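Colleague: Take this structure, written in structure tokens, and hold onto it; I'll ask about it next.
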Amino acid sequence: MNKENLSENVKRVLAKKERKKLKEERELYNATKIISSQNNAMRKIIAQKQLASTSFVSKMKDINKSFPHIRAKDDKNYMKENRVKIQEKAVLHKKFQEEKEELKKKKPFKMKRFEKITSKVAEHLRKNETKNETKKEVEFSIDVEEEEMEEGELEEAEEEIEEEVEEEPEEEVEEESEEEIEEESKEEVEEEAEEEAEEEAEEEAEEEAEEEAEEEAEEEAEEEVEEKAEEEVEEEEETCKREDGYGKTEENIIDKFQKNERSKKNEKGGKDKFHKNYGKLPSYILKKKKDIPDESMDAPPGYRVLKNDERNYVLKELHSQLKQINEEYKNNKDKEKKIDLGKQLKEIKDSIELFSTPYVVVDKNF
């Protein structure tokens, strides 16, 4: 593929991308030198450790002195930070358990307005009990009198007396029973109304207590979410400062590998919620994210294969240009402008089809 087949916009994009990649490759070369020197030093240390433990300690001191970058007093100690975070979490967990126990021990909520209602109900119950007792006493006395009259010698006189005595109390008992039934029905209606009022008051008190507990739980959850968001923002600011002003680059294979390891640890319930840089290489080794080219594909002499990052970057910009030109094509009413815009759309669509394939060959000097 030659430069003539591509549009000017694509050429400008690729030129800018190539300049950035050259700068990144220089820094990557310096970083790989440091990594190789450290690896060689560690190999020597392991070999000496197998021979003698005393020599291991001495050589370790010498090697640490030879390293150019060592953590100073001003640098942060992330192990201490992680310990402090773990201790804070343990304290919060204890507090949470203590609050649960206190909630269990709390007494139920009572409204002062409805304290007197219980006394009224008790008075009504006492009145009913006294009336029932009087009824039982009257019936018992009537039974006793009947038995005494039956035991007499004069049966006829006793029968006459019994008939007279039985007729009178029956009428009185019937009248008294009707009055008592009416009073009982009224009292039952009043008791039911009072019981309903008590139940409604208790339900309202329980609902208010539940609403207060729910509001407290929601406020606590919102505070925890805000604290987590503030911690994440602070961590992002720290990471931005550690990059020493370098621009952001796309993800690297090393970063993807580290993310996969973290996801596995989280699934197993391992180390989570530690600092972002826990388990990473130090900043003086990885001053900038590395970009490894795709050298697996072959290309003819004098040409090179576009990297996937470059190809994806060009496709994104082509799609954005395509949207802009489509909007202009719809809004414009001049035929001449529409013809020019249609030609541009065809060129952009052809270039998108070309860059959508994974294997794109370009001149080395492109």
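A Cβ is built for glycine as well, from the same backbone N, Cα and C atoms used for every other residue.
Pulled from TrEMBL, these are the listed features:
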COILED    3-32  coiled coil
COMPBIAS  122-139  compositional bias 'Basic and acidic residues'
COMPBIAS  140-238  compositional bias 'Acidic residues'
COMPBIAS  239-272  compositional bias 'Basic and acidic residues'
DOMAIN    279-358  domain 'Enkurin'
REGION    122-276  region 'Disordered'
Colleague: In the compositional bias 'Basic and acidic residues' (122-139), how many residues does DSSP put in helix, strand and coil?
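Modeller: The composition, in the requested order, is 18 helix, 0 strand, 0 coil.
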Colleague: Per-residue pLDDT averaged over the coiled coil (3-32) comes to what?
Modeller: 83
